[in-house]
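K.L.:
Grabbed the feature section from TrEMBL, which reads as follows:
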- 20-44: transmembrane segment (TRANSMEM)
- 64-86: transmembrane segment (TRANSMEM)
- 93-117: transmembrane segment (TRANSMEM)
Amino acid sequence: MPGIRKYRRDTSEVSCCLKYVIFGVNVLFWFVGLIVLAVGIWAWMEKDTFNNLSRLTNIALDPAFILICVGTITFIIGFTGCVGALRENTCLLACYAVFLALLLLAEMTTGILFFVFKDWIKQQATSGFQSFITHYREDPDQQNLIDWIQGEWLQCCGVEGPRDWDRNAYFNCSSGAVGSREACGVPFSCCRSKPQDIIIKNKQCGYDVRKPTYSFDIAKIIYDKGCLEAAEEWFDRNLLIVATSAVCTAFAQILGICFAQNLRADIFAQKSKWH
C-alpha cells in the first residue's frame, strides 16, 4: 500500500483568517467613524459655525468639534486597517499599527497624567463646565450636553450647586428686572425626575426655585448636589468598571498591532517566495 503523502501549509502563505479578522473589525470602525464624522459636520453646519467661527467660545469643549475629531481618527484607523488587510498593502498595515500604537501611548499618558495632575484636571473641568453654564442658551449642543449630564447621567445641578446658575444671564436673579421668566431659577434638567416626566418633560419645574420667597422644599424639587461632587462619587463607584474597560481597550489595541505585524510578515514572506 503506497504511503499517504501529507501536505503542509506553506509557511509563506498569507493567513486568510488573520486577513479577514482585521478587515472585518476595521470595516466596522470605518463606518462608525464616517457616521460620527458626518454627525459632527452636520452639527457645525446647523449652527452655521463654518461661516462664523467667532461663535466658538472654546473649540476644545464644543461637542460638535469633539465628534469631528473622534470621527476623523476612527475613520482613518478603520480605513488603513480595512483597506490594508483587504489589499494586502504593507504600507497601510504599517500605518494602521503605528496609529494604534500612538493611540495606546496617548491613552496611557492621559491615564498617568490624570492621577498625577488630578487637582489641575479638576480645576480645568470646573472652568469648562462653568463656561458651559455661561453660554447655556448660545450653543444648542452645549445645552443638550449639560441637560444630559445634569438630568440623565449624574443627577446634579451646577458645578458646585444650583447657585452656579447665577453665571448665566437668563437664570441670574437680577435678570428678573428685564423680564426673564427664568430669573432665580435653574434648567429643567436640575429637577428631580417624576414618573409623569417620562412622557412629557416639565420645562418650567425649575422656575423661581432659588428665590428666597419660594414656598416649597427645594431639595424635593431639584438636585442640590453639584456635578463636580457627583462626578467624583460616580467615578469612585465605577472605578472597577472604568479600569476594566481601559485594560480591555488596551489589550484589543495590542492585539490589533500584533495581528497587523503578523499579516505584514506573511505578506513579505509571500512576496519573497514569488521573487
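Every residue, even glycine, has its Cβ placed from backbone N, Cα and C.
Note that TrEMBL annotation is computational and uncurated.
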K.L.:
Taking a Cβ cut-off under 8 Å, which residues six or more beyond the ends of the transmembrane segment (64-86) line up next to it in the same chain?
P.N.:
19-20, 22-23, 25-41, 43-44, 47, 49, 56, 92-93, 95-96, 99-100, 103, 141, 256, 260, 263
K.L.:
Can you work out which residues elsewhere in the same chain, 6+ from the ends of the transmembrane segment (20-44), have a Cβ less than 8 Å from its Cβ atoms?
P.N.:
50, 63-82, 84-86, 96, 141, 256, 259-260, 263
